[in-house]
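Taken straight from TrEMBL:
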- Asp17, Arg22, 70-74, 111-112, Glu147, 258-261, Arg328: NAD(+) binding site (BINDING)
- Cys258: active site, nucleophile (ACT_SITE)
- 314-438: domain 'UDP-glucose/GDP-mannose dehydrogenase C-terminal' (DOMAIN)
Amino acid sequence: MAVIALKCPDVEVVVVDISAPRIEGWNSERLPIYEPGLDDVVRQCRGRNLFFSTDVERHVADAGIVFVSVNTPTKTRGLGAGKAADLTYWESAARIIADVSRSDKIVVEKSTVPVKTAEAIEKILAHNSKGGNIRYQILSNPEFLAEGTAIQDLFSPDRVLIGGRETPEGRAAVAALKSIYARWVPDDRIITTNLWSAELSKLAANAFLAQRISSVNAISALCEATGADVAEVANSIGKDSRIGPRFLSASVGFGGSCFQKDILNLVYICECYGLPEVANYWRQVIRINDYQKSRFVNRVVSTMFNTVAGKKVAVLGFAFKKDTGDTRETPAIDVCKGLVGDKAVVSIYDPQVTEEQVQRDLVMNKFDWDHPRHLQPMSPSSAKHVAVSWDAYEAARGAHAVCILTEWDEFRRLDYQRMYDAMHKPAFLFDGRNVVDPDKLRRIGFVVYSIGKPLDHWLRDMPAVA
């Protein structure tokens, strides 16, 4: 929304939320999320044609177009628990729109939603409208952003997708939204479809991206077993123009708010439509991701004489990727829990993740991260074995091992000789993002494990990792 305000100075954009602390954050000098370039955009527009308010009813009533960007978490109980999207917040938003609207509205789905959600929203709006003969048009306009490059993605998107009803009113609504994006997006990058194609496209896009990561991670396990180098294999197949090089970097696993949630949603939809073979295909993408994380933990434990009990393990990076403070579904959570489960003492450093966030993530129940904080029940604490450090060297001081779990650029520039000198020997380094030169670190004295790379003699002598 901030980019729309920047590119369309004659359009008033009001972001509303029922959470006063959240709105206070957006009106402050320190925004509640970290995203490169976001501060600059907000500062240019805030108070001019971009506003943040808790007066939801007034601004929804005044708006001609209402973008709905509420969370759609995975259900944790009831029908479809663990797979289906929970549309509680979407339904609540629709009821508010119906309750306060006194004029026709275009309602835009920005959240990632199951196919046919628009149909349900239409029914809620039609049966709850308090303003007489008000007409609503539902559009699907999903985001295709990558955290860390989101602002650039908005300035120069690969595509903007708008789906609407194939009726005169639906086409008019699509044209109205298209005219906003056309201020800065070339016409050939604005795609218009029917509603169901747009809703499904977002789920399918995230599933395809996650599939590529799981595919290269599956190959990384085979590379370690055979002595091949996954980076060389990925480079070779990425040169094929039919495949391309993107999303072929082996790692400890994918994370973020979308991939797992959207694939599980896709699995549930396939099951509901009687497509178990399709559901099982996409479920396997998640299974490989879980396997990769557990394989990494098993490698750490088996390499360190089959126990990490009482040993300090430094974890560098907790965000799910670099250039963001987002920790939702980050692989670091499962890795840290696995290490703590084996009684390791874990010291974490991440340049953008606070100690409070780390502690919350490590005690939070699965799938609860996408609910408001006051609705996040906590599991018994495992955080007492975890400390958060203010820099990488402090995290590694007195450690037996270092695990790199986020590909922050600063981790490529660290003085690993200094780090090695302050660690117990033998000093182990487990690179879950392939950000360091393993040969250089071996010359320093580290025992090094890098995802999908040929194993050194120490690791080859250890028992095989399942």
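From the backbone N, Cα and C atoms, a Cβ is placed for every residue, glycine too.
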Candidate with sparsest Cβ neighbourhood (10 Å radius) among Val70, Cys258, the listed binding-site residues:
Val70
Across the whole of the domain 'UDP-glucose/GDP-mannose dehydrogenase C-terminal' (314-438), what does the mean pLDDT come to? Round it, please.
89
Using DSSP, what is the helix/strand/coil residue split across the domain 'UDP-glucose/GDP-mannose dehydrogenase C-terminal' (314-438)?
45 helix, 21 strand, 59 coil
Count, for each of the binding-site residues Thr72, Thr74, Thr112, Gln260, Arg328, the other C-beta atoms lying within 10 angstroms of its own C-beta, and report the residue with the smallest count.
Arg328
Near the Cβ of Asp17 (NAD(+) binding site), how many other Cβ atoms are there if near means within 10 Å?
16
